[in-house]
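Asks: Below you will find the structure I want to go over with you.
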Amino acid sequence: MGKRALNNSRQTAALLLLAAAIYTAVKILALSGLLTPYWLLVLDQALITTIGALGLCIIYGFAGQFSLGHAAFYGLGAYTAGTISKLLGHGSLAWFIAALPAGMLAAALVAFLIGLPILRLRSDYLGIATLGFGIIVKVGMDNSNKLFPVLGGATGMAGLPQVATFDFIFLFAVISVLLVRNFIHSSYGRSCKAIRDDEIAADIMGIDTTRSKVLAFVFGCALAGLAGALYAHRYPFIHPSSFDFLKSFDFLLIVVLGGLGSMTGTVITAIGWVFLLEGLRFVLGQQFIEFRGVIYALILVITILSRPQGIFGGKELGIFTPPRARPAVPGKEGEHAGSGN
């Protein structure tokens, strides 16, 4: 095993130990009553949002592809998985496990069909295409009951089995973090970062830019589909308004505030953002809905003026840092070279 692979294994072990410590702490707080069921539900939503935001972090933060319709893929995952569990599962754990990859696959397949023609172009056409796609999906959800009554249309889909407990959501959040971290630090991730920095130079260096962009887009949207599938199994009711443009703006704001190209920033900001919004909803009550857009704009303007590079500015901390091989000890190379004589 090489030094880089060994270092990567150590970081993975450290991440798993940290996850185990956090899980244990949450369980102790919940059992002691310090963490009420309400705030545990908020934590579940924060973890689901983290999974979705990590998807956009790959697409925009690391591959540099601007997307304005991330919530549409989040919604596709939710409605696909929710429909499967409602019609076939009836609360069955086996069908819940089957519905999750189905939600991911639906989002990934649509992302591939959209991304393949659009991502051949070097421009912001993806942002325009995903914005339009998001509107189409929202309108389709509002009128879905005309073709499929089970989807509920503008009134929403009710009667969904609540199978996704904190244990499942936390597990899939940790798996998502590991997958994204390994992707970013792989050759595919380095290709994406090269495209983000200078696509023309990356093309000249022999990187298949279209393939790399499509791969990042499909992977990121698959994570959004997974987040949506978990969301559909955490709440007994989903509504098209949960997947509108404001939700896409939620994901975008998290990635930008955390710092483009920073997994650390995305994870911390996603969790903090959900708890911040819930705190504001608790303080403002019904007025929160009216002032939500103003709050978003105000936070974004303050961040741009005070720290335009985001909170973490593309930097990684601790377990999210790239694995590095230890530098060779001077003179060792010569000794090894001469040992064969």
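The backbone N, Cα and C atoms fix where each Cβ goes, glycine too.
According to TrEMBL, the protein carries these features:
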{"type": "TRANSMEM", "residues": "12-32", "note": "transmembrane segment"}
{"type": "TRANSMEM", "residues": "38-59", "note": "transmembrane segment"}
{"type": "TRANSMEM", "residues": "71-88", "note": "transmembrane segment"}
{"type": "TRANSMEM", "residues": "94-118", "note": "transmembrane segment"}
{"type": "TRANSMEM", "residues": "125-141", "note": "transmembrane segment"}
{"type": "TRANSMEM", "residues": "161-180", "note": "transmembrane segment"}
{"type": "TRANSMEM", "residues": "214-232", "note": "transmembrane segment"}
{"type": "TRANSMEM", "residues": "252-277", "note": "transmembrane segment"}
{"type": "TRANSMEM", "residues": "289-306", "note": "transmembrane segment"}
Asks: Is the transmembrane segment (289-306) in contact with the transmembrane segment (125-141), using at least 3 Cβ pairs under 8 Å (sequence separation of 6 or more) as the test?
Replies: no
Asks: Taking 12-32, 94-118, 161-180, 214-232, 252-277 as candidates, which has the most Cβ pairs under 8 Å with the transmembrane segment (71-88)?
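Replies: Most Cβ pairs under 8 Å with the transmembrane segment (71-88) come from 214-232.
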Asks: Which range wins on Cβ pairs under 8 Å with the transmembrane segment (94-118): 12-32, 38-59, 161-180, 214-232, 252-277?
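Replies: Per the Cβ count, the answer is 214-232.
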Asks: Tally Cβ pairs under 8 Å between the transmembrane segment (161-180) and each listed stretch (12-32, 38-59, 214-232, 252-277), then give the stretch with the top tally.
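Replies: Most contacts with the transmembrane segment (161-180): 38-59.
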Asks: Apart from its near flanks, which chain residues at least 6 from the ends of the transmembrane segment (214-232) lie with a Cβ under 8 angstroms of it?
Replies: 45, 48-49, 51-52, 54-59, 62-63, 65, 67, 70-71, 73-82, 85, 99-100, 102-108, 110-112, 115-116, 119, 126, 160, 164, 168-169, 172, 176, 180, 183, 188, 192, 238, 242-243, 251
Asks: Which range wins on Cβ pairs under 8 Å with the transmembrane segment (252-277): 12-32, 38-59, 289-306?
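Replies: Looking at each of 12-32, 38-59, 289-306 in turn, the most contacts to the transmembrane segment (252-277) are made by 38-59.
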